[in-house]
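For reference, the structure is listed below as structure tokens.
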């Protein structure tokens, strides 16, 4: 068996980056929700939470991979671990779909958006999303045809789950979701183009009437851009793994498990690292909040260093006493005045 130590190191680094990046974005989004109380931000927070849980779930596999030789894990424990990994990954993908639908609804029904997507609706969507995610993740534990008949450690996805499970997920979940993504994107692009033409006509009419308004980019295009980047990241990350899994089902003699588990599965999990980077770069409010957090940390660190410096005496050394010091000459000490005569007592 090929050494799994490099794979374990890669998994450990990836898990650490996923947890750190998504936790940072989650804190920034929480601060934004406290300021603005936006429903759309709740979906962004849910995405950061799902990706953080995925990082925590895959970090449980690191110990098995780094041990030499790889430490065997019981099949039941391995199945539970991979079920949690699959559930977190499904929650991340479903949240991306929910964000795309939320942006689509905001563009499609701008006047009724806040009536439709209120706090109760958003909470129901998030609760239903996690319920579906855990049903997907734990499905192989209740369906024998999705389980491997034999188990050989170390713990990995295809050590306990049969490629038929990947085939089912691809046909029932991934490809329909991808088609839905494309529909959302095309319709959003069409609506955004119509809004842009209407704004351009209004600006031209204002210019002819003598009122100048600077040109602006409608916010619809920003939403379309964010959805496009999310779709691209989601597709490029998970498509190779799912398609290769389908090939493995069709070709039983093709032993593709090593490629699936060591490379393509990591590529799909890496989508959870791309999501916070996308929001940190493309979403202006999240980017500004992260910048303010960085300034706050810098200010706090500077104040702490100044406090330590002042407690240690500072770089200028000990200060001189502000109390005046009276100098007594030798003659005054012996009771004589300035001309050497004795002073009467």
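Every residue, even glycine, has its Cβ placed from backbone N, Cα and C.
In TrEMBL, annotation is done automatically, which means it is predicted and not curated.
According to TrEMBL, the feature transmembrane segment maps to residues 263-282, out of the candidate ranges 263-282, 283-302. Annotated by TrEMBL as transmembrane segment, the relevant range among 223-243, 307-327 is 223-243. Between the stretches 122-145, 194-217, TrEMBL puts its transmembrane segment entry on 122-145.
Sequence-distant contacts of the transmembrane segment (223-243) (same chain, six or more residues past either end, CB-CB distance under 8 Å): 93, 96, 99-100, 103-104, 106-107, 166, 169-170, 174, 178, 181-182, 184-185, 188-189, 192, 260, 264-265, 267-268, 270-271, 274-275, 278, 282-283. Across all of the domain 'G-protein coupled receptors family 1 profile' (21-279), the predicted model scores a mean pLDDT of 84.
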